[in-house]
Amino acid sequence: MRFLPCIATLAATASALAIGDHIRSDDQYVLELGPGETKVVTEAEKWALRAEGKRFFDITGRTSSLELASNKKQKLAVTYPDSVQHNETVQNLINSLDKKNFETVLQPFSEFHNRYYKSDNGKKSSEWLQGKIQEIISASGAKGVTVEPFKHFFPQSSLIAKIPGKSDKTIVLGAHQDSINLNSPSEGRAPSADDDGSGVVTILEAFRVLLTDEKVAAGEAPNTVEFHFYAGEEGGLLGSQDIFEQYLQKSRDVKAMLQQDMTGYTKGTTDAGKPESIGIITDNVDENLTKFLKIIVDAYCTIPTVDSKCGYGCSDHASATKYGYPAAFAFESAFGDDSPYIHSADDTIETVNFDHVLQHGRLTLGFAYELAFADSL
């Protein structure tokens with residue numbers, strides 16, 4: 001591991017901490033900007049890096065978990081189907097996706113002044129979202145389905161909605177619920193309709209429709225499916241790191257994780273004269289799972305894919321990868337054609353193309369159903 005100035009003392013202290021003992025400092029944070037590239041910063045410096053477009057893990061107090069994650073990764077070997085197996089069922093479910101539901105949820109979700117993870121707004125928005133998830137569960141009558149908050153050292157909780165299957169083999173669908181205005185992180189207006197309100201409503205609607213399937217609702221799928229709504233992504237993948245660190249500690253058998261972060265902006269693509277596409281991220285992901293994701297898009301979406309890279313620590317799939325779990329990431333476009341309004345007051349619902357969100361809903365539903373019923377994982 002390569003250390004930048006002033007890191008050695010703090011890293012030595014961090015390595016002595018027990019896994020999960022995330023001692024925080026108001027003054028200094030340890031950021032991982034790339035494999036083996038770490039830097040100690042103040043909070044102001046942390047946000048300055050984000051404003052420069054730098055992405056990172058905040059690994060303050062987490063150093064001792066990295067070796068365990070590496071060991072876990074070496075043991076994982078998952079074989080995914082080479083074609084879709086449930087086309088008729090999934091196509092019927094896709095017909096139940098309701099584009100109006102995206103806007104119905106996203107409008108009030110983006111009306112919170114912000115969803116900053118350290119703020120009361122972040123806490124309240126998480127509680128509001130949990131209520132919406134519970135409404136879906138209650139209306140479905142599904143057996144044993146739950147939504148639970150996952151607590152962190154900051155006020156906002158992540159949320160985990162679980163659909164039990166016949167085994168503990170688990171498929172995870174993720175999006176992040178927090179928001180930030182990088183000009184004023186704690187106080188600034190940050191509707192974040194696209195980043196990542198669009199991802200939240202994408203997987204929420206897929207969750208609703210998945211529960212209309214009788215076998216899924218009865219717990220008869222071979223594998224368990226979880227929908228994760230991560231807190232603190234903008235602060236350095238904080239919520240997802242906590243979750244996947246705990247899953248590693250508990251030897252949770254996660255067979256696949258798909259992240260949906262920004263699913264609604266298409267103007268950058270079309271203005272560039274390019275076809276509307278699903279961006280498939282190819283760095284810091286599992287190659288085999290990414291190939292399977294492309295199979296899903298080809299089968300269940302009506303637009304093509306485009307390969308792209310997003311850099312180190314760019315969204316919560318990177319936390320799954322870090323802790324040894326196979327992950328993939330579907331994005332609204334190729335990087336560079338994505339929304340220019342993120343992290344500002346201008347990331348509003350008016351910038352979101354709900355037809356494109358629907359395409360992401362189709363792939364989410366197909367991904368979840370095909371892997372929920374995959375016996376060979």
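Including glycine, each Cβ sits where the backbone N, Cα and C put it.
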Need one residue: from Asp120, Asp253, Asp261, the one Swiss-Prot lists with His176, Asp195 for Zn(2+) 1.
Asp261
Among His86, His113, His317, His343, which residue does Swiss-Prot annotate as binding Zn(2+) 2 at the site that also has Asp195, Glu234?
His343
Given the recorded positions Asn87, His176, Asn288, state which is nearest to His343 (Zn(2+) 2 binding site) when distance is taken between Cα atoms.
His176
Long-range Cβ environment of His176 (Zn(2+) 1 binding site), under 8 Å and at least 6 residues apart:
Asp196, Gly199, Val200, Phe229, Tyr230, Ala231, Glu233, Glu234, Gly239, Ser240, Asp261, Ser315, Asp316
Asp195 (Zn(2+) 1 binding site) to Asn87 (N-linked glycosylation site) - Cα separation in whole Å:
31
Can you give me the same-chain residues 6 or more apart in sequence from Asn288 (N-linked glycosylation site) with a CB-CB distance under 8 Å?
Val78, Thr79, Tyr80, Pro326
Long-range Cβ environment of Asn87 (N-linked glycosylation site), under 8 Å and at least 6 residues apart:
Ala299
